[in-house]
Structure formats: structure tokens, C-alpha cells
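The block underneath contains the structure these notes are about, expressed in C-alpha cells.
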Amino acid sequence: MEHQLTIYNTLDRKKELFVPLHAPHVGMYVCGPTVYGDAHLGHARPAITFDVLFRYLTRLGYKVRYVRNITDVGHLEHDADEGEDKIAKKARLEQLEPMEVVQYYLNRYHKAMEALNVLPPSIEPHASGHIIEQIELVKKILDAGYAYESQGSVYFDVAKYNKDHHYGKLSGRNLDDVLNTTRELDGQEEKHNPADFALWKRAQPEHIMRWPSPWGDGFPGWHAECTAMGRKYLGEHFDIHGGGMDLIFPHHECEIAQSVASQGDDMVHYWMHNNMITINGTKMGKSLGNFITLDEFFSGSHKLLTQAYSPMTIRFFILQAHYRSPVDFSNEALQAAEKGLSRLMEAVDSLEKITPAATSNVDVKSLRTKCFEAMNDDLNTPIVISHLFDGAKMINNIIAGNNTISADDLKDLKEVFHTFCFDILGLKEEIGSSDGREAAYGKVVDMLLEQRVKAKANKDWATSDLIRNELTALGFEIKDTKDGFEWKLNK
């Protein structure tokens, strides 16, 4: 491959050169949403983070199988395997079938992801569609001696596993810390110790979502689904497993334990985790009740919002921070992102207005190299964006006559902006934003202004003024130049 990509491996706590197990093929699994409510800003971050990774790996020439699951069963209210299934609870409260809840919110999630220009994964498996695979996983762990049956449920024996392996190697915890911080909850008497986690839960009589198993009717534990589905679609060993850093413990720690217990080693080579979106320093999330949904951002309908923000503003806002850095929500930060995005899109539009010269005194090759170097450095999107802003200054200086650019360099500059703005960062011009409207109305405005040029040549000042005044009233700024005209749509 042309580029040497390094990524931060949470397991080893350092940046490592990315070397696929079976190049040019790459297997990537990312934990998707539990679909019992509308997607919020916290859901957007992992989706955008791993969308950029998917795009970049594809750009580097890899053939990526990207699996992003849908959790539609087994995610209980508490990590200690207690409480009601989140989807079943929503269904009970709204007097719906659980799969009605799943389908409704999954449709809305897909719509929000499409608005954010997040590419669909190669495969989007549902936990409820892979019960057989999860039962087989539980059987293997039982056969290996790292699980036990208790009153119709099956639990992973963390203490026994820890004697032979290292439970806590991903999160940096040791078993004593886990035991000391595990809450004693009702129903824990089924477990040998409070740190044990459910592989299969017995269904109470009132529990709607249930399947037959060798241990009686029940449902899979939350952690089992990703191990089972990752193995089914990516094999016993694959390259990347991603998700939010809030999943490191217990979810991903438990996945490693399940993998090692069932097949003897870890399935995953690189573990990647994005940091959190916060509001006033507190993690944004459904369980905390402090979230703002993506639809509320797009409409401006939440009380904390001073205005609506377009999907591309949200995407740009997230990409302005490195994926491993926290991002704190504020209207000021989003408004700054909105202005920055507008500057970048104006630069892209201005590329079409440049007339090439015979020679160049700008360094396009260096700009391209710097952008790739930033992406190769653990997907450093904020540095890529800063280089693109340098490119925007280059464009403005060329238009102002301070620099010149040859036809070949202009072609390369257009390619740099298209590759990084659109193909890799996944930005797009939006109909409804000023940039999107410029793209949509461009030919019509150009045609009208060409008529105005003809009117002026014929000294038809009334028609010339009428066209200018009408376009100005619609928000277009018209500038006469020696070559004809320039225009832009003001916000």
C-alpha cells in the first residue's frame, strides 16, 4: 500500500502500524445502537468516526467488510445483568410489540445516518436474528469450563477465567478492583460472584422476548451478540473492533473473555475507541437523560439550542476534534463549526472560478502530502481540516492575483479537495444551506447574469438593474469583474 497508516490500539495503549491479517481484505466490526429511542449526538460520534475509517481504508485500496450490529435484545437497564430489557420496557410502556419499537427507531436511525452522510455498513446484523449462533457460543464456553448454569441462566465465571488468562487487560482493571466496585443487586445470588456476567438469562413469565435453549426459555446476554456475530461474518480472527470508550468496560472486556474462553485467543487485532460527547463535562446519553437528539439539532427544537444546525455542521463539528479527544457541546462551538464549514465549501466552489496560468508558484503536492500524513497519524482529522484551510487561503490568493497556478496544479488541487472533503471526511454540499443552494441554483444564476451582461452591452440599463436588484433581494451578492461577473449566496 502507498501509505503507512498507524492507529491507536486500546489493547496495547499505543499507536501501531496497521497491518491487515489478510491484505488487501480488512475485517472491521463496530458496535451499533440499541434501538429503543431516537439517535442523539453521542450516537453520531462513533458512526462518523468509523465511517471516516471505512472511507479511508477504502481510499487506500483495501477491500473492507464493515459489520455494524443492531442490538434489539438482551441490553438490560443495568450492566450487572439486572433490570428490564430496554426495548421490552419501551414496548410495554407504549403498548407495542418489541419489534415494532425496533423497526420504528431503526428506520429513524438510518434516516439520521443518511443525513450525516454516514455510509451504510457492508452487513448490519441484528442480535435477535442470531440466537442460534449465540447459543452455540455459550455451549463452547460451558464446554471449556469457563461458565456455569444457575437456575436457568448461564453466567461467565470471571474468577476461574482470570486464573488462566487476564480479565481486565483491555480496560486496565484487575479482578479485585472489579469485585470491589461491583454493586450488590437483587438477584445476584444466582452468581458465584458479583463480577460474573450473563451469557444467557432465564426469561421471567412476563418477559416478551424469549427463545428456547438447552437451559430453558430465555434470551442472550448483551455481550454474547457481538462475539457471535463478529465471528460469523469476519471469522475467528479479524482486524478492527471499534466503539465508544464507554464500551471498553464491561462490554468489550467481556467480549475478549468470551472469545478467549471459546476459541483460545482474542479474535481482534486492533481495538479502537472514540471518546465521548459531553454536556457541561458530563457524558451525553439516553440513560442519563441529558441528550439532544439529532432531529432536535437539525430542527433547533431543543431548549439548549439557540438555532438549528445542519447535518454537515454536526459532522464537521465532530471531525474538528480528534476521535480520541472529548468533545463538549456548546452553541458557540457549533456556530464556529458552521462558519468553518462554510469557508471550506466556499473554497471548493471558488476552485471552479480559477483561470489557470502558464506557471505555478503554489505547492499543491505539499498540501496533498500533509493531508495524507495527518490521516495516516491515527486519523487526525482536525489536522487535515487545518491543512484544507491552508488550501482555502491558497485558493483565495490565486483568485486575488497574489499567486498563480498551472492547469495541471489546478487539476491536482481540485483532486485534493474532492478527495479529502468529500471522499474521506464525508462532507457534502447541502441543499438548504447557502453552499448547497449555490450548487443547486448555479446554472440559473449564471444564465441570468449572462443576460445582464448582454443587456449592459446593449445599454439596456433597466433590464440590467432589474436582474441585479431581483437577485440581490433573493440574497445573492453580485460583483462585476473584468471577465464578466462573480456571485455568491449570502447566509
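Cβ atoms are placed via backbone N, Cα and C, with glycine included.
As given in Swiss-Prot:
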{"type": "BINDING", "residues": "CYS31, CYS226, HIS251, GLU255", "note": "Zn(2+) binding site"}
{"type": "BINDING", "residues": "LYS286", "note": "ATP binding site"}
{"type": "MOTIF", "residues": "33-43", "note": "motif ''HIGH' region'"}
{"type": "MOTIF", "residues": "283-287", "note": "motif ''KMSKS' region'"}
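Mean pLDDT for the motif ''KMSKS' region' (283-287) in the predicted structure: 71. For the motif ''HIGH' region' (33-43), the list of distant contacts is 70-72, 75, 86-87, 89-90, 101-102, 105-106, 108-109, 112-113, 244, 276-277, 283-286, 291-295, 297, 314, 329: same-chain residues at least six beyond its ends, Cβ to Cβ under 8 Å. Cβ crowding, taken as the number of other Cβ atoms within 10 Å, peaks at CYS226 among the binding-site residues CYS31, CYS226. Among the listed binding-site residues, namely HIS251, GLU255, the Cβ with the most fellow Cβ atoms inside 10 Å is that of GLU255.
DSSP classifies CYS31 (Zn(2+) binding site) as coil under the three-state reduction.
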